[in-house]
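Colleague: Supplied in structure tokens, the structure appears directly below.
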Amino acid sequence: MRKILLILLCALPLIAQPAGAEEGLHLRSVDVDMTDNAALQRGAKYFVNYCLSCHSLSAVRYNLFERLGLTPEQIRGNLIFTDRKIGETMAVAMRPEDAKRWFGAPPPDLSVIARARGADWLYTYLTTFYLDDTRPTGVNNLAFPKVGMPDVIWQLQGLQAAIPLSGGPHQNSSDVSIDHLNLVQPGTMTPVEYEHAAQDLVAFLVYVGEPSKLERQRLGLWVLAFLALLFVVSYFLKKEYWKDVRH
Ligand code: HEC
């Protein structure tokens, strides 16, 4: 029994989630359900509408969405706004040099961003843009201080202001003395609706980072079952051999 437990423990990292977060930042946690195709489809739609103008997904081909239950017609009608073909990767039209000139930093490809940053970080990032006059874009971000990305989802979320810790001096930007963010101008979504939208977007980014993850988890269970069986067989085999040795 102890051996089985040991084997199980050794195999755990194979199916565990990757971790990755910045220290010192309180991350908002998010539940990501990779089997929820409707949520992933919504996330894909948000991505195409609000992110793909700047960020590519160079490791992703449009036909990935067939796995999420969309037909090629739906993909062409709802997700491809350029002359890209369904078998092509999700690229952006912007040239990297221009992007760098406009935003100070080129918008990175987001194919594996969920693996690099973790789902909680992404969720925190997408929900903590706040007004900051000292920044060229007029906004800053709790998860990514001095970020070059404009708040492209402000119309959905509304505008947030940073409320400093009471008594502390009011300072701008990446200051740790920020207590919380306050919605000062509502967006087209209610805060709860926006949280769901951000959640869907994060789920989508996790999914594109590892579309093979579900398959791997399923395989992982088979491997564990196989190891358990192998253990039983070897146990009886050992018993059989040692029986002769003792006599
Ligand atoms: C107008 C262009 C633009 C749009 C649209 C845009 N971004 Fe960005 N984004 C940027 C830029 C520029 C950076 C780099 C910021 C920096 O390094 O300071 C960035 C950075 C990021 C990062 C951090 C990457 C890292 O290095 O860890 C994430 C995550 C991200 N964007 C997600 C999104 C998502 C999700 C959307 C859609 C809701 C989106 N972006 C829409 C320009 C954009």
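Positions of Cβ are set from backbone N, Cα and C atoms, glycine also.
Since the structure is predicted, the reported quantities are computational estimates derived from the model, not experimental observations.
Pulled the feature table from TrEMBL, pasting it below:
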BINDING   Cys51, Cys54, His55  heme c binding site
DOMAIN    38-212  domain 'Cytochrome c'
SIGNAL    1-21  signal peptide
TRANSMEM  219-237  transmembrane segment
Colleague: Determine which residues of the same chain, besides Cys51, Cys54, His55, have their CB within 8 A of the center of the CB atoms at the recorded heme c site, and list them by sequence.
Modeller: Phe47, Tyr50, Leu52, Ser53, Ser56, Val92, Pro107, Leu110, Val152
Colleague: Rank the binding-site residues Cys51, Cys54 by the number of other Cβ atoms within 10 Å of each Cβ, and give the residue at the low end.
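Modeller: Fewest other Cβ atoms within 10 Å, among the binding-site residues Cys51, Cys54, is found for Cys54.
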Colleague: For the domain 'Cytochrome c' (38-212), what's the mean pLDDT in this predicted model?
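Modeller: Mean model confidence (pLDDT) across the domain 'Cytochrome c' (38-212) is 88.
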Colleague: Same-chain residues six or more away whose CB lies under 8 A from the CB of His55 (heme c binding site)?
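Modeller: Looking at Cβ-Cβ distances below 8 Å from His55 (heme c binding site), excluding near sequence neighbours, one finds Val92, Pro107, Pro108, Asp109, Leu110.
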